[in-house]
Amino acid sequence: MTIVLAQPECGSEVVDQKPKSPSENAFLAPEINSFGHSFRNYDAESERQKSVEEFYRLNHINQTYDFVKRMREEYGKLEKVEMSIWECCELLNEVVDDSDPDLDEPQIQHLLQTAEAIRKDYPNEDWLHLTALIHDLGKVLLLPRFGALPQWAVVGDTHPLGCAFDKSIVHHKYFKDNVDNNNPAYNTKYGVYSHGCGLDNVVISWGHDDYMYLVAKENGTTLPPAGLFIVRYHSFYPLHKEGAYEYLMNEEDVENLKWLKIFNKYDLYSKSKVLIDVETVKPYYQSLIDKYFPSKLKW
């Protein structure tokens, strides 16, 4: 049976959707990444940057409207494995993201660095701490038991399919070789969509974001809609960084985007060579997992 992706329903946890100011002694975003460059600098000359650009070349050529439809149908079955959230966190020790110009540490460290930075500034928003912990778990798609998808089908910035590729998308030049770019049904501003149709009705390039969203939603998480929105669209940088495609958003998207923009500061700037002691923080995050998720999930 194929799962139809839909806008998340509000769980049992009541969450104030209006973001509040962070606590005192707030997290300060560094100016340079762990490689000595500015964050998200895709032009700096380095071997890392060369591999990142090659990643985006493949991504922009191969991510098509039809490809995403096939991936959603296949992975919407949730029949790869059954395991807990924390078991999945530990699997990320085997994953390094080739699209990321800012970090080459195992992904579990990025999850904990993000979550701990948010926890410092928003101590009462436990759903946001957990959202940070799980937001990249979909990167297990890179591993053999999940199909060993290529990096271009799992990580990197995301963007809509079925309409024109906005110029703000990183390494936009490579879309010239994407078959959708020459399809008159898909290469106009709105393409197959309409103004204010809502992001839930927009096909976004396939990857870890959408996969983790459907895993969380279909396994009955009680995270609030803002949490699921963050999971699903945190790599949609053309929207939340450049303001592209805002004409496709509806009112609920506008409200949830406020939380995503807060989250993005920590997702991006908390990346560091200073590692988190996993065993020290594990009990706290396990308590949140128990609160918002079942003990075992279908993936």
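From the backbone N, Cα and C atoms, a Cβ is placed for every residue, glycine too.
According to TrEMBL, the substrate binding site annotation covers R40, D97, D98, S99, K139, G156, D157, H234, S235. Other Cβ atoms within 10 Å of the Cβ of D98 (substrate binding site) number 18 in total over all chains.
For H135 (Fe cation binding site), the same-chain residues that are 6 or more apart in sequence and have a Cβ closer than 8 Å to its Cβ are L111, T114, D209, M212, I230, V231, H234, F263, D267. Sequence annotations record features per position, and here TrEMBL assigns Fe cation binding site to H110, H135, D136, H208, H234, D267.
Per Cα geometry, S235 is the residue among the binding-site residues D98, D157, S235 nearest to D136 (Fe cation binding site).
All chains included, 27 other C-beta atoms sit within 10 angstroms of the C-beta of H208 (Fe cation binding site). Cα spacing between D157 (substrate binding site) and H110 (Fe cation binding site): 16 Å, rounded to the nearest whole number.
In this structure, the C-alpha atom of K139 (substrate binding site) lies 12 angstrom from that of H110 (Fe cation binding site).
Residues H110, H135, D136, H208, H234, D267 make up the record's Fe cation site, and a Cβ search at 8 Å around their centroid adds L111, T114, A132, K139, D209, S235 from the same chain. A simple way to gauge crowding: the CB of D157 (substrate binding site) has 21 other CB atoms within 10 angstroms, across all the protein chains here.
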